[in-house]
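In Swiss-Prot this protein carries:
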- 21-43: disulfide bond (DISULFID)
- 40-121: disulfide bond (DISULFID)
- 22-150: domain 'Ig-like C2-type' (DOMAIN)
- 93: N-linked glycosylation site (CARBOHYD)
- 110: N-linked glycosylation site (CARBOHYD)
- 114: N-linked glycosylation site (CARBOHYD)
- 135: N-linked glycosylation site (CARBOHYD)
- 19-157: topological domain 'Extracellular' (TOPO_DOM)
- 180-218: topological domain 'Cytoplasmic' (TOPO_DOM)
């Protein structure tokens, strides 16, 4: 159920899709002490175009004013900045085995309240064309709140309510079908019994007439 909900909510957040790549907004609520994935997906407009991409992530802690760089990922190498808030907690979860990065997501393990704030995923892409090269840059912004326990979103609540309504409706329909079938079978059985009784009376009457005819003949 959770997997299905997670899929429905993700599909609803789709912003664009080019050449099989789908851009999905990141979740924005992390639970204290748990692992949280911050999504950063940047699709190319043309999948057939060769490209090289690298990313830099910056962070502004809640209550502060300046962004600080926390990591850089380029040529399959993750370079982490010295920041005790993220030391031993950041794991690369984006594209692997390619320089053409489109998924630039990260994991933060053992989330703390110090991780609440604004994240920026800076995407730098070099596109290779036949006669020239072209640089592009995109910034994905994510605001993250850290809470004590997970809050159920409205989609989850509505989905669960609809599930229970569907169960009730199906149960009522099933009971109605069973009652209908029972009445139909009972009516057919009663009709067959009446028909058999009529045939029995007809046979009995005919037998009596035959017996009377035999007696008269004697």
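Backbone N, Cα and C define each Cβ position, glycine as well.
The structure, with features from Swiss-Prot marked on it.
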| residue | record | CB count, 10 Å |
| --- | --- | --- |
| 21 | disulfide bond | 15 |
| 40 | disulfide bond | 27 |
| 43 | disulfide bond | 18 |
| 93 | N-linked glycosylation site | 15 |
| 110 | N-linked glycosylation site | 12 |
| 114 | N-linked glycosylation site | 14 |
| 121 | disulfide bond | 23 |
| 135 | N-linked glycosylation site | 8 |
Quiz item: Rounded to an integer, what is the Cα-Cα distance in Å between residue 43 (disulfide bond) and residue 121 (disulfide bond)?
Solution: 13
Practice problem: May I ask you to report the DSSP-based helix, strand or coil state of residue 114 (N-linked glycosylation site)? | Solution: helix
Quiz item: Where residue 135 (N-linked glycosylation site) and residue 121 (disulfide bond) are concerned, what is their Cα separation in Å, rounded?
Solution: 17
Quiz item: Would you list the DSSP helix, strand and coil counts for the residues of the topological domain 'Extracellular' (19-157)?
Solution: 7 helix, 68 strand, 64 coil
Quiz item: What is the nearest of the recorded positions 21, 40, 93, 121 to residue 110 (N-linked glycosylation site), using the Cα of each?
Solution: 93
Exercise. Round to the nearest Å and give the CA-to-CA distance linking residue 121 (disulfide bond) with residue 21 (disulfide bond).
Key: 17
Quiz item: How many Å separate the Cα atoms of residue 21 (disulfide bond) and residue 40 (disulfide bond)?
Solution: 12
Quiz item: What is the separation, in Å, between the Cα atoms of residue 40 (disulfide bond) and residue 93 (N-linked glycosylation site)?
Solution: 10
Practice problem: Round to the nearest Å and give the CA-to-CA distance linking residue 93 (N-linked glycosylation site) with residue 114 (N-linked glycosylation site). | Solution: 21
